[in-house]
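Feature annotations, reproduced from TrEMBL:
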- L17, E22: substrate binding site (BINDING)
- R107, L108, G109, R110, G111, K112, G113, Y114, Y115: ATP binding site (BINDING)
Amino acid sequence: VIAHPKYQESKRIAIFLSMPDEVQTEEIIKDIFKQGKECFIPRYKPQSNHMDMLKLSSAEDISSLALTSWNILQPSDNDTAREEALAGGGLDLIFMPGLGFDKKGNRLGRGKGYYDTYLERCMKHPHGKPYTIALAFREQICESVPVTENDVPIDEILYEDC
């Protein structure tokens, strides 16, 4: 991941804080800060499909985040001091989680549409849509995954031996 040309050229990167069953992102987050890039993480709004990408100040900043009912660390709702990526310079790259992927760039998420809705918002930002890379295990690559007209294809899927 850190040798990827899109990662190397990107300055503003959004990445998920991994759950135990996902590709682990902790080392990537540390590298984002080591390279002097800006790091943004998701804050999901329950009972909606709204998500913002909020800026982390350091890798250690993760330990100050609240644990949600979904067992995900994220900035709390009353944390208004953090920059939201689309309120500023947008994003260059988004690393995306998922349950399944196909080689056409289709992604099966957890069913709420958070990332698809966020990418739609990105397309309206002056900076435009960021490049999207899914981080996957080889076992998550499927012949095809079901999609709807609201699903936004991802640009690239990285997995072992791809």
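Glycine is treated like the rest: Cβ placed from N, Cα and C.
The separation of E22 (substrate binding site) from R107 (ATP binding site), Cα to Cα, is 14 Å. The Cβ of E22 (substrate binding site) lies under 8 Å from the Cβ of F16, P97, L135, each of these being in the same chain and 6 or more residues away along the sequence. For the recorded ATP site, residues R107, L108, G109, R110, G111, K112, G113, Y114, Y115 set the reference point as the centre of their Cβ atoms, and the other residues of that chain within 8 Å of it by Cβ are G98, D116. The Cβ of R107 (ATP binding site) has 24 other Cβ atoms within 10 Å, all protein chains considered.
Recorded residues G113 (ATP binding site) and L17 (substrate binding site) have their alpha carbons 17 Å apart, per Cα-Cα distance. Cβ neighbour count for G109 (ATP binding site) (all protein chains, 10 Å cutoff from its Cβ): 17. When the binding-site residues G111, G113 are compared by the number of other CB atoms within 10 angstroms of each CB, G111 has the fewest. L17 (substrate binding site) is 14 Å away from Y115 (ATP binding site) when you measure Cα to Cα. Counting other Cβ atoms within 10 Å of each Cβ, the binding-site residues L17, Y115 show the lowest value at L17.
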